[in-house]
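Just below is one structure, and these are the notes that go with it.
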Amino acid sequence: MLQGPCRALLADLSAGDQRKTSMSNALFSFFMAVGNILGYAAGSYDGLHKIFPFTDTKACDKYCANLKSCFFISIALLACVTTVALIYVKENIPSSSLTAQENKGSGENSGDDSVEERDGGLPCFGQMFGAFRELKRPMWILLLVTCLNWIAWFPFVLFNTDWMGKEVYGGTVGEGNAYNNGVHAGALGLMIQSVVLGVVSLGVNVLARGVGGVKRLWGIVNILLAICLALTVLITNMAEHTRRFPPNSTDPLPPVASVKARALALFAVLGIPLAITYSVPFALASIFSNSSGAGQGLSLGVLNVAICIPQIFVSFVSGPWDALFGGGNLPAFVVGAIAAAASGLLSIFMLPSPQPDTTKVKTMDGDLKQ
């Protein structure tokens, strides 16, 4: 709900400049990492609920109160930054009449007006469906790659700490301390991942130039994502073979240092493809929409649909899929590895490269001069 308008605003402020579009999305990814780190730090502080004493009740212990306190702080921060953006960020919004005159003068016939007339009081849905009908081939390929990419990502996003608690630490929910210790270790891994995410986000443009373009960079990191998801099987097997138990207890001891180090290193390495996932697809959507003349806001909305549908699909299917293979999180991770490999290959071999920047100046009579 919040990221879509923010990215559309960044695209509008970039004014079609590919360099500014890429840089703005990279910085957006960086500040997402900063927010993640601050959020994990706030969640790990046991005394946060003391700021809001009313959150600590008989029905809600200090951990619950800390979580509610985080929500209150998040609400306050969102209200402040949204107010600042609305007051101080200036955006030139062309009127519909001016847009119609420009389209008429340039010989173009936009279907937006007819769509709005057909859909009456809900033009946004008509515009969305119209955007799907008028998508060009590059945008369709981008949607396919994004869809596969999030089929790969979402199982790990959902179950990463659960994987640490069950498969790596060998714990069971509600029994002993092993599972809780694993979840805490997974939270540490997520914080490390956020640090890597922030660092890599600042170097996305440098990495893209180094490998020969953003689409090749996206393909390479998707292959890296596939390898990392496949390595969860290896780390799980290593944890099972080195599992230790204290005398007269079924609650396992923490895994050996080498297994824990490999698991945390996996979280860290996954910060690299995550930085690209948070920046490159949105930059490409803005660039492709600008090249084809489509609205950037609508194009980013369509891209968000390609992100949300895989998340809904994985949420419904992953549980029964894992149960089909005896439980655990590895079956969903393996499917994610396959989807990541497919998205990487499609990105490298089928996704078109963005056209080079061209500076266009529109004259009063609608002509375009280079």
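Glycine too: its Cβ is placed from the backbone N, Cα and C atoms.
Residues or ranges marked as transmembrane segment in TrEMBL: 26-45, 65-89, 139-159, 187-208, 220-239, 259-285, 297-318, 330-351. According to TrEMBL, the feature compositional bias 'Polar residues' maps to 99-109. Per TrEMBL, region 'Disordered' is recorded for 99-118.
Simply put, out of 65-89, 139-159, 220-239, 259-285, 259-285 has the most Cβ pairs sitting under 8 Å from the transmembrane segment (187-208). Looking at 65-89, 139-159, 220-239, 259-285, 330-351, the range that has the most CB pairs within less than 8 A of the transmembrane segment (297-318) turns out to be 139-159.
Ranked by Cβ pairs under 8 Å to the transmembrane segment (139-159), the stretches 26-45, 65-89, 220-239, 259-285, 330-351 are led by 330-351. Segment contact holds for the transmembrane segment (220-239) and the transmembrane segment (330-351), given three or more CB pairs below 8 angstroms at sequence separation of 6 or more. Counted over residue pairs 6 or more apart, the CB atoms of the transmembrane segment (26-45) and the transmembrane segment (330-351) come under 8 Å in fewer than three pairs, which marks the two as apart. Residues 2, 9, 13, 39, 42-43, 45-46, 48-49, 51-52, 55-57 of the same chain sit 6 or more residues outside the transmembrane segment (65-89) yet have a Cβ under 8 Å from a Cβ within it.
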